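Comments concern the structure below.
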Amino acid sequence: MAAPKVAVVGAGLVGLSTALCISEAFPSCPLSVLAEQFSPNTTGDVAAGMLIPHTYPGTPIHVQKQWFKETFAYLFAISNSAEASEAGIHLVSGWQVFKTPPKDEVPFWSDVVLGFRPMSAAELQKFPQHRWGQAFTTLKCDCPPYLLWLEKRLRANGVQLRTSKVADLWELRSEYDVVVNCTGVGAQQLVGDRELLPTRGQVLQVHAPWVKHFIRDGDGSTYIYPGMHSVTLGGTREKGSWSLSPDPATTRDIFSRCCSLEPSLQRAEDVRVKVGLRPSRPAVRLQREVLSRGGAKLPVVHNYGHGAGGFSVHRGTAKEATRLVGECIAALRGSSCRAKL
């Protein structure tokens, strides 16, 4: 049979990463990315892009750690290459601080990041409202540069990037043999996933080039993440909210909270407000499914629902989705051989 044609639906962080993995694993398969929106109009463009894992209650910890290890190793290699600045990937050191020590003082990802250790008493003097903390070095992906770098890599691999609104995965069956669903929060309507909810996030991007270290309050609600050209201040986690309109009161609250952690931010300039909808569910949906109508079948691989942790695990989940695509291709080739017999 001819090489199966594959479509990835969705061009955010997860969609582009999954498409890149598929193009590397199956270079002979014609591949297209179909999306209504590309960068800079995706949820990934709003995210700070820090590799500090979010925990999914419905996913085994050893699986989450494997995803994080694969993602960290992939991005660390890019950060050590000539492409680091174009891809927007860089190392950043800093602190995660707590008002009371967490139940898990050594998180599952502590041996993946670099130099993880408890904060010293001298370091804690910087944060008089906090009693305990962790110091480590991790990676940050600046967006949109990272998404644009992924698009460039896809085009170099011969992948078609097409602006297209997909209202029903089945409509793709006439043109594609395998479909990969990376639609993020759009999956709630596209595939009727009631476990999936938006978690609204509002962040500020400011010009404060003197801020070199990240600072994250232990509950994840307040954070300061320096990038190559701006510093991201956050944030909010508003479950079930679909609003993409910036809220001025929220902007003032975020700025006040971040200044309490880093008073020098009061002199920050060029404040820009961004809002995104994280696709949140108890576990990332990573599975094969076969749609069937009237005897016809369409293999589908789902990879969505990363919530606040997408950047930390995106390459790991893309590799797993690619393995599932390989199973679909093998099944198609097997059925083709049986049909010839």
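Cβ coordinates come from backbone N, Cα and C, glycine included.
What TrEMBL says about this one:
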- 1-19: signal peptide (SIGNAL)
- 5-323: domain 'FAD dependent oxidoreductase' (DOMAIN)
- Val166, Thr183: FAD binding site (BINDING)
- Tyr223, Arg278: D-dopa binding site (BINDING)
Checklist outcome for this item: Outside the signal peptide (1-19), at least 6 residues beyond either end, the same-chain residues with a Cβ under 8 Å of its Cβ set are 26, 28-35, 37-39, 42-44, 47, 143, 146-147, 150-151, 154, 159, 161, 166, 169, 172, 175-184, 186, 190, 303-304, 306, 310-311, 314-315, 317-318, 321-322, 325, 328-329, 332-333, 336
Item to check | Position of peak Cβ density within 10 Å, selected from the binding-site residues Val166, Thr183, Arg278 | outcome: Thr183
Checklist outcome for this item: Tyr223 (D-dopa binding site), Cβ-centred 10 Å count of other Cβ atoms over all protein chains shown, is 23
Checklist entry - Cα-Cα separation of Thr183 (FAD binding site) and Tyr223 (D-dopa binding site), in Å? => result 27
Item to check | Within the predicted model, mean pLDDT of the domain 'FAD dependent oxidoreductase' (5-323) | outcome: 97
Next on the checklist: Just to verify a number: CA distance, Val166 (FAD binding site) to Arg278 (D-dopa binding site), in angstrom, no decimals.
Outcome noted: 20
